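A short worksheet on the structure shown next.
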Amino acid sequence: MVLVNEQRKLSASLPLICRCIISCILVLLTQLTLSLVPRFFAASPFIVQFALSGLVLLLVQTLCGWCRRLLGVCASAPAFVFFNILFIWGFYIAVVRQAVSSLIGGLFNIEVAMIIIGLCSIMSKDPGLITNEFPHLDKLVEGSELGVDPDNENSLSRKRVRYCKICKAHVEGFDHHCPAFGNCIGQNNYFLFIVLLVGFLATEASYVACSAQFVGKSQNFDKSQSENDWVVNLATSTMLFSILQLLWQAVFFMWHIYCVCFNVRTDEWVNWKKYPEFQVIESEPGESFTRMRFTNPYDKGFLQNVKDFLSLRR
């Protein structure tokens, strides 16, 4: 019986192991492909290398998507994020570290360690899953009016319980399903999600500064005597990669700051027409048709909204 259970556990873990291996290969392929940009376009302006890096990254991801459809195998998004962090961290320790001060290096190492801890926490933390706490929950589907009672604090509407199609579960305070973290973002982990975004931005900005310092010092040497051009190319490509990540994550972070300030969730903003409490029906005198506009019943003012967000710490 014990042997059978062990075999079942192994069979269940094999797909996950395969996805992690594919993610690791994908990270190496992506980073090495990006290093070709500074290798062949070293004389080009930085903005050109930046644009080309974005195109190369998009091309690699598209090709990987085609391979996934053809071969029937796919990578794990959380594992892809995790291995990218390890790759950048490993390259920093092996190469870039020599060009920065011990103080800055120690700070960067602490930032990466905190990011890894945060990733493990948010991937395992319950986002606010609702099981059988409410009656007739199994009948609640996206856009249903079941449980909508603005004056009842215990209603599904007031608790902002939404349905995640990916997890096939109801989540309290549902914001969105995050593929990069492999988990929903809801009432219980929304604060951690925002903190983790700040951590990513700070860590990537630190790496950009460190790698730029390394590249600058390397370029001061006589190129004819340089035998480590590939190292400089990889330092430049990882710096470009980090800048690309910084840009979209900064936009993503600003969006969520807006959501915090106005107490609205991403899912509610995108799909507000599915949720009756966000709808106001209007009609002008003399008009034969009505209009539906968005309203936010959860907006309590900037200060109270921020207080409510800070109260999510658990």
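For all residues, glycine too, the Cβ spot is worked out from N, Cα and C.
Going by TrEMBL, these are the annotated features:
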type	residues	note
TRANSMEM	12-34	transmembrane segment
TRANSMEM	40-60	transmembrane segment
TRANSMEM	72-94	transmembrane segment
TRANSMEM	100-122	transmembrane segment
DOMAIN	158-273	domain 'Palmitoyltransferase DHHC'
TRANSMEM	190-214	transmembrane segment
TRANSMEM	234-255	transmembrane segment
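Note on the transmembrane segment (40-60): residues 29-30, 33-34, 233, 236-237, 240-241, 243-244 of its chain, located 6 or more positions outside it, place their CB under 8 angstroms from a CB of the stretch.
Model confidence over the domain 'Palmitoyltransferase DHHC' (158-273) is summarised by a mean pLDDT of 88.
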